[in-house]
Amino acid sequence: MACCHAIASDPSLLQDVCVADKTSPVHVNGFACKDAKGVAAEDFHFSGLHKAGNTSSSKQGSAVTEVNVAQIPGLNTMGISMVRIDYAPNGMNPPHTHPRATEILTVLEGLLFVGFVTSNPNNTLISKVLHKGDVFVFPKGLVHFQLNNGKGSAVALAGLSSQNPGVITVANAVFGSKPSIEDHILTKAFQVDKATLDLMQAQF
């Protein structure tokens, strides 16, 4: 008997490069390739990860600087991207998922408490305190978070296994969807009354 093995990830390369042509009217799962004759070094370059993100503009006290196919067209079909995450004291990158990527995070400065939750029915929290130079992996699609546990600011760099990993922040998705999820669905799902639900939704 033959056993089929499926691998879910970004498509493999079929040529040396496929620089994203964001002006193309063609819609594919990713971006169409621009003419190879027009490919230049700037298609593979990004500058700015040395700059700290503005954590004061976030309610959670964190700032994410993305470097994916939107910033580097040359990442198209490469299956990788990265982010810089800055954390104010007590700042956090709230519970979220990446539907298309596994994440590997390295702490550059500070102290982070990180974790992810396994899927139903166990919903096990796997967590650890990370110091400068420590590395932690968040499996694809699982809810995960980071919290600055130190007294000062913290900085992390993370690699992701997709050119466009996507991000679903749990609270934003549930309480800030447009149009809103109906109240009776959320009150039943979270086992809270309407007043508590209204308070939660007001934050988003």
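Glycine is no exception: its Cβ is also placed from the backbone N, Cα and C atoms.
Source: prediction; values computed, not measured.
Quick look at what TrEMBL annotates:
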- ASN93, HIS98, GLU103: oxalate binding site (BINDING)
- HIS96, HIS98, GLU103, HIS144: Mn(2+) binding site (BINDING)
- CYS18-CYS33: disulfide bond (DISULFID)
- 47-198: domain 'Cupin type-1' (DOMAIN)
Given HIS98 (oxalate binding site) and CYS33 (disulfide bond), what distance in Å do their CA atoms have, once rounded to a whole number?
25
Overall pLDDT of the domain 'Cupin type-1' (47-198), taken as the mean:
96
Determine, to the nearest whole angstrom, how far the Cα atom of ASN93 (oxalate binding site) is from the Cα atom of CYS33 (disulfide bond).
34
Nonlocal neighbours by CB distance (under 8 Å) for CYS33 (disulfide bond), same chain, sequence gap 6 or more
GLN15, VAL17, CYS18, VAL19, ALA20, ASP21, ASN76
Rounding to whole Å, the Cα atoms of HIS144 (Mn(2+) binding site) and GLU103 (oxalate binding site) are apart by 10
Expressed in Å to no decimal places, the gap between the Cα atoms of GLU103 (oxalate binding site) and HIS96 (Mn(2+) binding site) is 12
By a 10 A CB contact count over all chains shown, which of the binding-site residues listed here is most packed: HIS96, HIS98?
HIS98
Let me spell it out: for each of the recorded positions (CYS18, ASN93, HIS144), count the other Cβ atoms within 10 Å of that residue's Cβ, using every protein chain shown. Which one has the most?
ASN93
For GLU103 (oxalate binding site), list the number of other Cβ atoms lying within 10 Å of its Cβ atom.
23
Oxalate site shell beyond ASN93, HIS98, GLU103, criterion: Cβ within 8 Å of Cβ centroid
VAL83, HIS96, THR97, ALA101, LEU105, PHE138, HIS144, ALA158, LEU160, PRO165, VAL167
Starting from the Cβ centroid of HIS96, HIS98, GLU103, HIS144, the recorded Mn(2+) site, name every other residue in that chain with its Cβ within 8 Å, sequence order please.
THR97, ALA101, PHE116, PHE138, LEU142, VAL143, PRO165, VAL167
